[in-house]
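For Glu314, the entry in TrEMBL reads active site, proton acceptor. Look at TrEMBL and you will find His313, His317, Glu336 tagged as Zn(2+) binding site. According to TrEMBL, the feature domain 'Aminopeptidase N-like N-terminal' maps to 22-206. Annotation source TrEMBL lists domain 'Peptidase M1 membrane alanine aminopeptidase' at 241-457. Taken from TrEMBL, the feature domain 'ERAP1-like C-terminal' applies to 534-821. Taken from TrEMBL, the feature site 'Transition state stabilizer' applies to Tyr398.
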Amino acid sequence: MAAEQSAEQFRGQARLPGFAAPRRYDLRLAPDLAACAFAGSVAVDLHVAAPTRFLVLNAAELDVAPGGVGFAPAGSGQVLQPVEVTNVPEDEILIICFNEVLPLGEGTLTIEFQGTLNDKMHGFYRSVYELNGEKKNMAVTQFEPADARRCFPCWDEPAFKAVFKITLEVPSETVALSNMPVTEEKVNGPTKTVYFQESPIMSTYLVAVIVGIFDYVEDFTTDGTRVRVYTQVGKSAQGKFALEVALKTLVLFKEYFAVPYPLPKMDMIAIPDFASGAMENYGLVTYRETALLFDEKHSAAANKQRVAVVVAHELAHQWFGNLVTMEWWTHLWLNEGFATWVSYLAADQFFPEWNVWTQFLEESTTGFKLDALAGSHPIEVDINHVDEIDEIFDAISYRKGASVIRMLQSYLGAEVFQKSLAAYIKRFAYSNAKTEDLWAALEEGSGEPVRTLMHSWTKQQGYPVVSVKLKDGKLQLEQTQFLSSGSTGVGQWVVPITLCCCSYSHQEKFLFHGKQEDFDLSGLMECQNKENFWIKLNVNQTSFYRVSYDEELASRLRYAIETNKLSAADRYGVLDDTYALCMAGKQKLVSLLHLIAAYKDETEYTVLAQVITISLNIAEMMAVAAPEELGNLKKFLIDFLEPFAQKLGWDAKSGEGHLNALLRGTLLTALAELGHEATINEAVRRFNVFLEDRETPLLPPDVRKAAYVALMQTVNKSNKTGYESLLKIYRETDLSQEKVRVLGSLASCPDPVVVREALDFILSPEVRNQDAIFLLRGVCSGAHEVAWQWLKENWDYILGAYSGTLLTYFVNITVSPVSSITHLHPTSLVIPHSL
């Protein structure tokens, strides 16, 4: 068999061949920070399991000299030299061909290589920072999903787990970090050699190396694990909040998963140039600065919450992802969906006053939105080539994934779910697992048909809308696939129905298998003839489906909202479902506006924030589809929102909560976008004071974005004073969160000429590539065509400058608003004056 092998057969394959597998990597790297290059060598202890003349592993953008490659079979005392070393760039593989069949069993493959510290924020790359006014490079790794191969030749697939012994040769003044603690440092003049402890068994995408000059804060968990937060010099105080969260999170997850944190230390570091939000490298988690740092004076409440949730998400991966790893990228959703869900579990434990489970519904809504498109994909996607992996790091894997896990936990019960999960972690620790392995563990622990239930949610795209009618004391249920286009899909699900009637004291739950089913309400009907009769399905919105009520039931729910009979989660759900049905042409806009009016006494931040989001979306569509009605709509929305803003005011009240701080910024920003004159005037007044005195209490971080957006409403091509003032703030601050606030406001100007200038600013060296998306997200509703035109004109440059998920964001943010203006017929867009 081995004699018949040829190099050609390894090209174009989804996976590496399995005839040899790594057991241990001895990796040496020497980055040259000034020249933006690195040299390295790797000795890989292998197990050769089947006869072969070839070794096939991953390598990309590396210079491998054939003379620097050899294989030493264990105990042979000889080194076999390859007859050919073939680099296949399109498959990112290295094919090493030997003259003879390799002996079965153990052996060591050695490879010497060189590479470039790139500026693409993947592989082994450079990030620029300032130290004492001087620009410097740090060396950083970002290997997920498949970029370890850009740093060293390796078996770069999650299932090829191995141990790693890492040694770095670095400038002697720098700090060198990796997954494990340093065991020894040897200084040799201008350079030093740093030796790290050998790691436990792990996948290549979790390996991490960082070299630069940093400060840190540190503390220890109650069981002695050292935790540090590394920052740029002078910013270590901004790491204290993340450090506190990390200490508590490691202890919580040790209890929740019933397995101790496996490594001796946990380092977390803020990287100035970072493509995603954060990366869960084993023992050395990397973050954007905005996701790790919190400044007590200049960060907003929303920043604080983001830091807490992201830290919890990444630390959850240390168990769910790192200790137990997906077998292949098809099961990515399990990693990301689970970490997203459990990060809210942690945040709720530490900050119960944040009501994060109600806020979690925003995650579900994002998943709903993407999954309602005909071009969506199932949670589990067969990945047949490395190029396809980036495409599934999306709202389906993260948000829908988290939502179906929450649905399952809610159905099985929290205690059964947690115990079954702990059993799964214990069973698959230090190895790999598939989705089916988790279902098996949960089925075993609960006695419920988990596989049957969940297959319909993970193997097919989309989700159902359950239509509900009440007839002769029976609920008539019908499920169809919901599509935002208004057409009907063919999907069918096993739907965990929960429902309550008139109160939450008695609830029913059952699995809805078919297309249609009748449910006898007699056991629940306490108040059918009373005035306060209502029925709510999907109690507290714990499941991933929408509900469409007949006119009478919808009217009763509106009454239940007005009289405060529903939980915050259910108030959110009724609104979100009605909005989605309206956008799909299944209900009229007037019914949605009547429903919005029922929220006039709303008190919950997440619910009001969703009212605001929906209101602004409707205004945006109205501007295109029925501009003659826009004035009426804006008046209706301003009249609705103004009392909330007057009640909250611009200034925080003594002792007020986190959610009020979030709401104040959201409300004032919305009123500014709607052109509310009083809000804009007050914002400009406060901003002018802030411009002269950055420490003024008149413009605290929670309302700064609102003031910036309001200021931009006063800007036009002949008066750009406000725009220039914001650029001044951008240039003078070294706080990433402040820079992002400014970027998110610059393109909110109604003048397309100014929007175009703001878009051009993205491409200047002043904006880090990772931050361009914030400016794009802030493009005002009337200027999406301008952004689309700008994208087309600059496409060649953007294609060269951006890659991976950043390029995807660029296209999505710019194109989505243009392509999805409205399905509504103009005649349905009339705003009744009686509202």
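Residue positions begin at 1 at the first shown residue.
Glycine residues also receive a Cβ, built from the backbone N, Cα and C atoms like all the rest.
For the pair Glu314 (active site, proton acceptor) and Glu336 (Zn(2+) binding site), the Cα-Cα distance reads 10 Å. A mean pLDDT of 93 is what the model gives for the domain 'ERAP1-like C-terminal' (534-821).
Here the Cβ of Tyr398 (site 'Transition state stabilizer') has 23 other Cβ atoms within 10 Å, regardless of which shown protein chain they belong to. Taking the mean position of the Cβ atoms of His313, His317, Glu336 as the Zn(2+) site, the remaining same-chain residues with a Cβ inside 8 Å of that point are Glu280, Glu314, Ala316, Phe320, Gly321, Asn335, Phe338, Ala339, Thr340, Ser343. Recorded residues Tyr398 (site 'Transition state stabilizer') and His317 (Zn(2+) binding site) have their alpha carbons 13 Å apart, per Cα-Cα distance.
Here the Cβ of the residue listed as 'active site, proton acceptor' has 26 other Cβ atoms within 10 Å, regardless of which shown protein chain they belong to.
Counting only same-chain residues at least 6 apart in sequence, those with a Cβ under 8 Å from the Cβ of His317 (Zn(2+) binding site) are Glu280, Asn335, Ala339.
With a cut-off of 8 Å between CB atoms and residues at least 6 apart in sequence, the same chain places Ala278, Glu280, Ala339, Thr340, Val342, Ser343 near His313 (Zn(2+) binding site), listed in sequence order. Sequence-distant neighbours of Glu336 (Zn(2+) binding site): residues of the same chain at least 6 apart with a C-beta under 8 Å from its C-beta are Phe393, Ser397, Tyr398, Gly401, Ala402.
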